[in-house]
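For reference, the structure discussed in these notes is given below.
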Amino acid sequence: MGHYISRRSLSEQDTLPQGRISFNEEAPPHYSSWRVDRGAAADVQANGTIGEVRVGMEVKAGGQETECQGSRQEGRRPSIYSSVDAVPHLEFYSNATATGRVRRNRPSLETLRKAFEGEEQDSAVEKTRQPVRFGWVTGVMIRCMLNIWGVILFLRLSWITSQAGVILTWVIILMSVLVTSVTSLSVSAISTNGRVSSGGAYFMISRTLGPEMGGPIGVVFSFANALGCALNTVGFAETVRDLLIEYNAVMVDDINDVRIIGTITVTLLLLISLAGMEWESKAQIIFFLVLMVTFTNYFVGTVIPATPEKQAMGFFNYRAEIFVENLFPDWRGSQGDFFQMFAIFFPSAIGILAGANISGDLKDPETAIPKGTLFAIFWTTLSYILISVTVGACVVRDASGNLNDSLPFNFSEPCDGLGCKLGWNFTKCKQSQSCSFGLANSIQVLSLVSGFGLLITAGVFAASLSSALAFLVSAPKVFQCLCRDNIYPYIDFFAKGYGKNNEPLRAYILTYFIALAFILIAQLNVIAPLISNFFLCSYALINFSCFHASITNSPGWRPSFKYYSRWTALFGAVISVVLMFLLTWWAALITFGIIFFLLGYVTYRKPKVNWGSSVQAGTYNMALSYSVSLSSVEDHVKNFRPQCLVLTGPPNLRPALVDFVGSFTKNISLMICGDILMGDSQSVMSNDKLVKWLNIRKVRSFYTPFKVHLMFGCPICYRSVFLSHMFYLYTASGLGKLKPNTLVLGFKSNWKECSPYGLEDYVNTIYDAFDSNYGVCILRMMDGLDITEELQCEDNENTTNIKNDEIRTVFQNKQGKKTIDVYWISDDGGLTLLVPYLLTRRKRWRKSKVRVFVIGEQQTMENERKEMVALLQRFRLDVHDVIVMIDTERPPFSKNLKGFEESVASFKLTKGQHRGEGSTEEQRTECPWKVSDKQMDAFRLKSEKKVRLNEIIRRNSKHAALVLVSLPVPQSDCPSSLYMAWLDTLSCGLHCPVLLIRGNQQNVLTFYCQ
């Protein structure tokens, strides 16, 4: 960067006032009123401070009870520094929208600096009834255990043990538990990294990975829970149907009986859910007690001596030879392989999120979810292993159930198999494959082994109904949280809650009808594959959320649960995806298709939420890492990009300037909209709204306001402060190598009427930009760039008000086959050629043809043209035509020259001001914008050439879409008014936009490969 040498005198810099610069990154929070007495308030306001201090509490609509009066008083205890300053308190860090509780706000920095010392007035907070909250046992552990135990435990585990053997059955169980345990560790880490609200898996994924991934999973997970309710209800209905068939009480037929029973059952479960979480929790406890009795009944039955009837069915109590025989697999039928058995068993392990799904109804989710989920996995895994071991040690694979197959003491019939050693001959049914009993043939083995068979049927009922009820409660809770976030349209109707627990009654009804629709199918095999894949997809994203949050090293990732690893979380994510395809590949493809469709919608819509996700942290890490690594790389001409600092003021007031620069910087280089606020002036819009305005117009730019506080009203102080802050803007903008190298500003069309100090500042801004080694671009349009007056006229006349972000400019239109005329008068390093090339890469400018005009002589015109064409070809620039101007040395028309002199006439020194050399120097010092006759004569030739060049431009570029002209460099001895007259003359008389452009005299184009 070049040295900073300003035209401003050192005496002016010495008068720089001690103002302050504030960076308004976000709007201050809202506070409730804290008033001082009127007399004191009047004194404070008279002294320039505020008369009302806002310190109190912000209460959410329909506010809820605070924790207690004592904690409220403690939260408002003042600091020893000030009665307004507050001591640290937990409530200052709570999120009112997430917890639904009363939120306290600490006083803002502005309040602390200006606040009047006084006493607070406590506001009354209405008390409401506390909602029902559950602990880790009833809220998480029991709920998860009931959701994990299901019909597969009672009706399929014994059959899986027969097919896979005890050893591989343990492998299947442990593989399933491995996935669920790793997922539960990730759930525990996420749930202890801050307050968890209602929404379960959706809430955790969305707040960790952002709405793009959270939204699709919220929809899929809610739907999967509704299908889970249908699956378990159909399982219950099939068991009841089998009992009806056994007792000859069939109502219609097999399928319709399942539909009738399932419809009645899911309706009763809905009524229990609508009664409230208290009733639902009591029902779950009853189901849990029934299952405990069922397990006790089973294990007691294994030690009760088997009767001859049970022996005929294959049950012989604990026998070592039976256990050894059943250790190894015996694959049978079309489903006889390891992964088919795994696919059948895995749905019995998917209930680990039942507690997390009602996180909003837990007393302490951060403690309850990890403890309850891990204990539930431990006890259910233990029950699976014990049942597979005991049933494998007590029951043979094949039995006939015929009492006549018992062997006498002296038998001579041929007998083969383990039954012969136990006194039974099952050879005949085994060879004919007509055995009806045993592990491999009957699904009622647990009823056979148990002491009282009907209790196993009660256990099947309890397991299926408890799982169905848990799914019926989970789906609405998750869907309600998704609807509240307003990520997808037309679903906010289901976000409304009722009662003290904020029950999602509308979502309950929706879940009921979805479950009922699948119950009417009455076939488990149709819906079971999708459910497993939906849950595995959720597990994969939960594990990936934990992994991604861990590797971003965000300071906000501080889970109190420490027993997790980023690598185990990554392993859980990978193995979940692998299992999705191994179990049912077509269901996995359907699941990912739905996920990607919903992901694409959320990505396109870009919901306006900010949850501090790990994706944001990862983006920051990548940007920081690349910026630091880029700083160590030397600049190369091949990688030059015009990184623009655009002096737009508020960007919404100069949309044409913003659109033009965005046309050649979007997705290519840096663009910063700079705004200097002088004195008490305020931007018409807040910083956030201006950034939003830029995003709506699809302009990729930063917005950087600098606020200047003036302590004195003198013009010299004003100029000194303004130019000093302009220099700060040059030097402080950007980061590392991502710093501006080109200054872009609009042409000062009112330079003749404005304050001379403003004119001097404008030219000094250009001068200082060159001092800072910047290139400079000045855009001029026939109608000007500032639309402030147009917007004010529309408001005053009450006409149809066009939204500011919908105002179209010429740079948003397709330019067609018009030309881009480049008047390359001075070699600036190639910036004058690079900008039009970047423009023609855009869709709106793609058909435009670039013409390059250069200065030459009549005798050497052809050679100069060929040289320029060769140069442009070596630069690989697609230029339509090169035109050599040979008439630039002709004198301009007298009318045009007279118009130029008239534009400078008001800035010339009068005759009375020419007395003596000393008085002239004093005038030039006090009024540097004034032009003397001596200066006019010295710069006359330059002035005439610029008038002549304008005549050529107007003649050749009548129908151009854009004209680029080399910008003359301001000289230290050239008055600012004369320089502005040159710029005005060069760009006047054209209907198309004109860009006066000048590089920093360093190469930005090269034809070398290195």
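Cβ atoms here come from the backbone N, Cα and C positions, even for glycine.
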Range annotated as transmembrane segment in TrEMBL, from 372-393, 526-547: 372-393
CB contact flag for the transmembrane segment (213-237) and the transmembrane segment (286-306), at least three pairs under 8 A: no
Stretch among 134-155, 257-274, 286-306, 338-360 sharing the most Cβ pairs under 8 Å with the transmembrane segment (372-393): 134-155
The transmembrane segment (452-474) versus listed stretches 134-155, 167-192, 257-274, 286-306, 338-360: most Cβ pairs under 8 Å: 286-306
Contact between the transmembrane segment (286-306) and the transmembrane segment (505-524) (3 or more Cβ pairs under 8 Å, separation 6+): no
For the transmembrane segment (338-360): best-contacting stretch of 134-155, 257-274, 505-524, by Cβ pairs under 8 Å: 134-155
